[in-house]
Ligand SMILES: Nc1ncnc2c1ncn2[C@@H]1O[C@H](COP(=O)(O)OP(=O)(O)OP(=O)(O)O)[C@@H](O)[C@H]1O
Ligand SMILES: Nc1ccn([C@H]2C[C@H](O)[C@@H](COP(=O)(O)O)O2)c(=O)n1
């Protein structure tokens, strides 16, 4: 077992392309084992929402970098009710709009944004290990940059067609347009200079195209249990703790 699978608490790291099932799988696993849950994509979305709300031109990397330290982003880590607050405002819905989705890849390519959010993600991970017996974290650079020593490292995939089908089933919209948007984001997220989405040799690839969500969660749970991960240290209410990324 690696350092992050020790008695101090298990870290489960899940990366993968857009719509591959990271959030659903991570929440299912965290709920089943009483672990915290961190959606790092929601943090990049929250940063993007704040930039738009403050009329900062997200295509101006220097302006984005200069403003990157200003929003207070607070993540709730309960897998049953993950919350996202920016400067105290609940933005859970607003960060999922088409406007945010269209610009989040540009904002997340700015190194000052990544430096800030990665540091905050590591703080939440450290708290989750201490207080809940572990944490399931999902995003694009968790297995490679944020928590490379995680006890369980997974690269979750599915065909672009399957991902578009699932996403349009959830949110509606033309499947072809949804697929084009997923592919566009994958291209930007995989080709940026700073912490691109990549699959490393030590991350287990889990191809989910023909698998239902319950099957995927069961496979990951088996890996977690083999690594010795459960949230035995968790007490009632701790999973609801909000981890202010800024403090
Ligand atoms: N194995 C699966 N089988 C069928 N549907 C799934 C499966 N996994 C996830 N889904 C569905 O696919 C959609 C996308 O899943 P989810 O939001 O978890 O993906 P994601 O990788 O976190 O996406 P994003 O990168 O955009 O945050 C959701 O509607 C979810 O219910
Ligand atoms: N660790 C992460 C997580 C997310 N991003 C960026 C890239 C995504 O397109 C965007 C939104 O993520 P999603 O909500 O779709 O999971 O955020 C990243 O760069 N690094």
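Backbone N, Cα and C atoms are what each Cβ position is placed from, and that goes for glycine too.
Within the same chain, residues at least 6 positions away in sequence whose Cβ sits under 8 Å from that of residue 22 (ATP binding site) are 14, 15, 16, 41, 138, 139, 156. According to TrEMBL, the feature ATP binding site maps to 16, 17, 18, 19, 20, 21, 22, 23, 24.
The feature domain 'Cytidylate kinase' is assigned by TrEMBL to 12-225.
Feature annotation from TrEMBL assigns region 'Disordered' to 1-26.
Sequence-distant contacts (6 or more apart, same chain, Cβ under 8 Å) of residue 18 (ATP binding site) comprise 163, 182, 185, 186, 189. Over all protein chains present, the Cβ of residue 24 (ATP binding site) has 16 other Cβ atoms lying within 10 Å. Apart from the site residues 16, 17, 18, 19, 20, 21, 22, 23, 24, the chain places the Cβ of 25, 138, 156, 158, 163 no farther than 8 Å from the centroid of the site's Cβ atoms, the recorded ATP location.
In this structure, 18 are the binding-site residues from 16, 18, 20, 24 whose C-beta falls under 6 Å of some atom of ligand 2. When other Cβ atoms within 10 Å of the Cβ of residue 16 (ATP binding site) are tallied across all protein chains shown, the result is 27. Long-range neighbours of residue 20 (ATP binding site) (same chain, six or more residues apart, CB within less than 8 Å of its CB): 156, 157, 158, 163, 208.
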